Amino acid sequence: MRGGAPLCGGKRSSVAPAQKEQDRRLQANNREFNTKFGYPSNTIKTSKYSLLNFLPMNLFEQFQRLANAYFLILLCLQLIPQISSLAWYSTVIPLMVVLSITGVKDAIDDLKRHRSDKQVNNRPVLLLVNGKVEEDKWMNVQVGDIIKLENNHMVTADILLLSSSEPYSLTYIETTELDGETNLKVKHAVSVTSEMEDNLELLSAFDGNIRCEPPNNKLDKFTGILTYKDNKYLLDQDKLLLRGCTIRNTDWCYGLVIYTGPDTKLMQNSGKSTFKRTRIDHLMNVLVIWIFLVLGIICFALAIGHSIWENKKGHYFQIFLPRQKYVPSSFVSAVLVFWSYIIILNTVVPISLYVSVEIIRLGNSYYINWDQKMFCAPRNTPAQARTTTLNEELGQVKYVFSDKTGTLTQNIMIFNKCSINGKFYGNVFDKNGQKVEISEQTEKVDFSYNKLADPKFSFYDKTLVEAVKNGDHWVHLFFLSLSLCHTVMSEEKVEGELVYQAQSPDEGALVTAARNFGFVFRSRTSETITIVEMGITKVYKLLAILDFNNVRKRMSVIVQTPENRIMLFCKGADTILCQLLHPSCRFLQDMTMDHLDNFASEGLRTLMVAYRELDDAFYQDWSSKHTEAYLSLENREDKLSDIYEEIEKDLMLIGATAIEDKLQDGVPETIITLNKAKIKLWVLTGDKQETAVNIAYSCNIFNEDMDGVFLVEGSDNETVLKELRSARNQIKPESLLKTDPINIHLTTKPRKPLRLPEEEPNGNYGLVINGYSMAYALERNLELELLRTACMCNGVVCCRMTPLQKAQVVELVKRYKKVVTLAIGDGANDVGMIKAAHVGVGISGQEGMQAMLSSDFTFSQFQYLQRLLLVHGRWSYNRMCKFLSYFFYKNFAFTLVHIWYAFFNGFSAQTVYDNWFITFYNLVYTSLPILGLSLFDQDINGMWSLHIPELYEPGQANLYFNRKAFVKCLIHGIYSSLVLFFVPMKTIYNSVRNDGKEMSGYQSFSVIVQTSLLCVMTIQIALETTYWTFISHFFTWGSLSFYFWVLFFLYSDDLFLMFPNVFQFHGVARNTLNQPQVWLSVILSVALCVLPVMGYQLLKPIFWPIGVDKALSRIRDCMKRPLAPRAQPKRRYMGPHRSAYAFSHKSGFGALITSGKTMKYKLPKKSNCALKK
């Protein structure tokens, strides 16, 4: 495309940063011009605070929380002496403690973010400045700069490739940070810039203008135009290196910075960060609001009671208790009493509730960090809780959304088995002919006879090596086909040390297998392939590559052997190649298909291998047709496909390969355990359908016992709808009827928000849907059809998913299902769904860091997910529920005593307790026992949690703390407050001490109520504790002992003499607690409060059992005998044949090979003409 003036010029006005970018315009090596557009720098900032703004900003954020603001208002009210019945310090001390602890925690978290930002922003980069390459920092890179990248360097920003050390300026990259894949991908520069090579003078003088699309999150799409010397060149994604990629097998390359910092596709895919709150948090906020509303109503009622009392009885007390001057009437007195009771009754939701929750979550987070059973020794990587706010959410997960590559699999391909001429290779047998399971102790095949063998390659069946050494014709032909039929490129910088550059790991595994068995692919040009066959070097002439595509599902090469024979070698899916075989191969085909069934049952990736010897005249005729089709301008792909089919027929079968897409350790066992815990797993992958389905069978997401696996492959709305409804008709036919409750809701109330209940299917089903169909299924008119169908399936596999689609699927489930979701992945393409889910988990290790940095929890193996959920999640949920139930109960019992006391003090807002007791009750006396319970309690140990996954189900249904459980706490608290008030009151009413003196005074009554309350709470926490440790005993009984010590200390004569206005209860403790009727009163109060609870706990499992009660009963029975080992899942497949086909490379790579662009020699430089791509 020639002609036209440069697209960018100095006359263009600057663009305000706030204005939305319509397209991007920049000029190379012109910072002055590019800064006019306000493009962001390459600095990454994830931190929130600075040294100057931390205190005001953090306090502002903390007081945005409803509870903190409420307690600040209470503090202000307590400073008004006319309405305050409590000392100001009773609120100030707890508020200061809460704000300080939260502030310190926020500061530590932000400090970690500062360090991470600093580490990334200060990475070194080679920047072209004034004709010289100088080292600078990542954060100083700007749009329009030219940077130099070297081998194994991480790409600094999104850059346009200009030139490289490789022929035709090809550059090999690894994209683990983006998609978790370790296979190499190829990028190439525009021809006009590739000729600059590493000439700094030419690169510095380059002033090309770029006009391209604005920043977006599409990893596989880029369009733009380069205008240089009045010529225009089209730009696409094959010329763009993305931030986060790593340069591999390329000595150096130069690039022009297009997008920086937050504009890079890596950061655009990071998704919007949202503050995640647990379901319990949301419930607690609702309950607190209701408590405040009820509290206001109660205070209003008490104020009315005070007004009535003042009018009827109050005038009798005017003589010795005259009103204050600021109280002219009973109405004013009632208003003041209303605010006084607001202050007194605020302890029903004390501020210590929130700080206690934070401490509990922090402690449970450390348990995850310290868990040695989640520590990966090979990578020296521990599990890490990157957030402390979601621990109990781990105990409520219902749906898990997982990536495949790098999460379920290691993305490491291993040549595992093969079938050659009807003979099975790969199994190991002992002397008795019994099959032996391969382990680390199994003896490996010795490849020392082959000097070019890869030392990292392992194989165990010695019969295959013996066949190679004995010169078996079919075995030699099999490995010769593997060494020729591929698109791998070889690099040999050191004699004998071959490095294969494969587009995918499975193709590299096949070529490496052939290499080890004596057929070494050594080098290639655009016209030849050099093979070392059993130590003898042979050169094959490459005549044609019949490239792979998703329709053909195969690739072929045509070569001329050193003996001048023309051979076609083909490998591909068995379902395709079986149709292309010569009729004489029928018997061999049946034997090979049996072997393929065996491979598929083990989850191995398979390819069938065949060949055909061509007649020279036939090939020459075909070659001319092929050339004509290749040069055709219309329907080129279709014509080539037809030509390929002419020659790919009457093939002779050689055998089949079986490659293990090595799973992460323990993946099948983990998925079985999660299924038993009623956790559903959906795989959201960018991989193709065949590969993803094979892995689903390997991982036990799908299994042979399923009643059906449905495929959704429609390419329009109607087809997708038809496929989804057809599947649902088999899963649950009644769900399509008009009488179905959900259909009735959608018909009668289409606009009302809908929460879909869990629907029970009529069997065990799986669902497979591709990304193209998903685009239609996610539209408003089909999303509920998709959701209802998928949620009734035991396993769901979504293929060819974009990062955005992954996040949309998670959001869909969150929007319509009242469940907790978890997303787990390892690449930047998983960041969106990790952030969208309630809980995000990043797999750390060799697959990049982007997912880990965006996650809430990280570890290095998928198998640790079961321990994270079933052990730590379940413990955290149980502990938090026990904490909240007890906390609300103890504060209801503590606070509601004031209400009963109001009926006996003229509703005067007089407190029952001493001010110091009110201050210390939640902060000291009752805090440590409940923290001990919430941090150390275990109803069962971790082994039983994993052995009986059904124990996880109560968390999914949120059975332990919900509105019903809260009402129970309220009723229990009301009952206990009545006991705690009336039993002591009746005890001291008109009673005397042993010495005959009156003891029915306010201070004695207060001490008895306080003591009874703390004894009841201590026994109550002891009953809730199921796992006693030294710390539990110390916290529980030590807190009660500490109360008595503080009681006698605060009520001592010495303190009273020093501060008579502060410590007014002098001598009351020793004068009251030495009376026997007081202790009888305490014992009676404890018995009346605790016995109903004990009875309920005893009778509940008998008369109102839930599933977990039965499971706990099973555990108690099992503990009487040794625990049987957990059964290992067997990978087997029974039934009709299932293809395990998985291919190696992307369409179009064969053309790149034959073009010669991948060769190391340099072709003569062409004239400076513009290319169309």
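The backbone N, Cα and C atoms fix where each Cβ goes, glycine too.
Where the annotation comes from TrEMBL, it is an automatic prediction and has not been curated.
The domain 'P-type ATPase N-terminal' annotation in TrEMBL covers 27-92.
Summarising the annotation, TrEMBL assigns transmembrane segment to 86-108 (among others).
Residues 66-67, 70, 330-331, 333-335, 337-338, 341-342, 345-346, 348-349, 888, 899, 902-903, 906-909, 963, 966 of the same chain lie 6+ residues outside the transmembrane segment (286-309) yet bring a C-beta within less than 8 angstroms of a C-beta in it. Feature annotation from TrEMBL assigns transmembrane segment to 286-309 (among others).
Marked as transmembrane segment by TrEMBL: 329-355 (among others).
The 10 Å shell around the Cβ of Thr405 (ATP binding site) contains 28 further Cβ atoms across the protein chains shown. Positions annotated as ATP binding site by TrEMBL: Asp403, Lys404, Thr405, Glu507, Phe548, Lys571, Arg605, Thr685, Gly686, Asp687, Arg800, Lys806, Asn829, Asp830.
All protein chains included, Asp403 (ATP binding site) registers 30 other Cβ atoms within 10 Å of its own Cβ. If you look up TrEMBL, you'll see Asp403 marked as active site, 4-aspartylphosphate intermediate.
Per TrEMBL, the feature Mg(2+) binding site maps to Asp403, Thr405, Asp826, Asp830.
Positions annotated as transmembrane segment by TrEMBL: 883-904 (among others).
Outside the transmembrane segment (916-936) by six or more residues, the chain places 86-87, 89-90, 93-94, 97, 347, 350, 352-353, 356, 359-360, 363-364, 879-880, 882-883, 886-887, 890-891, 894, 1006, 1010, 1014, 1017-1018, 1021, 1024-1025, 1027, 1029, 1031-1032, 1034-1036, 1038-1039, 1042-1043, 1046, 1050, 1063 with a CB less than 8 A from a CB of the stretch. Marked as transmembrane segment by TrEMBL: 916-936 (among others).
The feature transmembrane segment is assigned by TrEMBL to 965-985 (among others). If you look at the transmembrane segment (965-985), the same-chain residues 6 or more away from its ends with a CB under 8 A from one of its CBs are 287, 881, 885, 888-897, 899-901, 904, 912, 1005, 1008-1009, 1012-1013, 1016, 1081, 1084-1085, 1088-1089, 1092-1093.
Taken from TrEMBL, the feature transmembrane segment covers 1005-1023 (among others). Within its own chain, the transmembrane segment (1005-1023) has Cβ neighbours under 8 Å at 886, 889-890, 893-894, 897, 912-914, 917, 925-926, 929-930, 933, 976, 980-981, 983-985, 987-988, 1036-1037, 1039-1040, 1043, 1047, 1051, 1065, 1068-1069, 1072-1073, 1078, 1081-1082, 1085-1086, 1089-1090, 1093-1094, 1097, counting only residues six or more beyond its boundaries.
Within its own chain, the transmembrane segment (1030-1051) is flanked in space by residues 914, 916, 920, 924-929, 931-933, 936-937, 1007, 1010-1011, 1014-1015, 1018, 1021-1022, 1063, 1065-1070, which lie at least six positions past its ends and keep a Cβ under 8 Å from the stretch. Look at TrEMBL and you will find 1030-1051 (among others) tagged as transmembrane segment.
The feature transmembrane segment is assigned by TrEMBL to 1078-1099 (among others).
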Summary of DSSP states over the domain 'P-type ATPase N-terminal' (27-92), given as helix, strand and coil counts: 33 helix, 1 strand, 32 coil
Asp826, Asp830 as binding-site residues, winner by CB count within 10 A: Asp830
Among Arg605, Arg800, which are binding-site residues, the residue with the most C-beta atoms within 10 angstroms of its C-beta: Arg605
Neighbouring C-beta atoms (10 Å sphere around the C-beta of Gly686 (ATP binding site)): 25
Rounded to the nearest Å - Cα separation of Asp826 (Mg(2+) binding site) and Asp403 (ATP binding site): 7
Other CB atoms within 10 A, centred on Asn829 (ATP binding site): 31
Taken over the domain 'P-type ATPase N-terminal' (27-92), the model's mean pLDDT: 81
Distance from Asp830 (Mg(2+) binding site) back to Gly686 (ATP binding site), taken between C-alpha atoms, in Å: 10
Cα proximity to Asp830 (Mg(2+) binding site), best match among binding-site residues Asp403, Thr405, Phe548: Asp403
Phe548 (ATP binding site), number of other Cβ atoms within 10 Å: 22
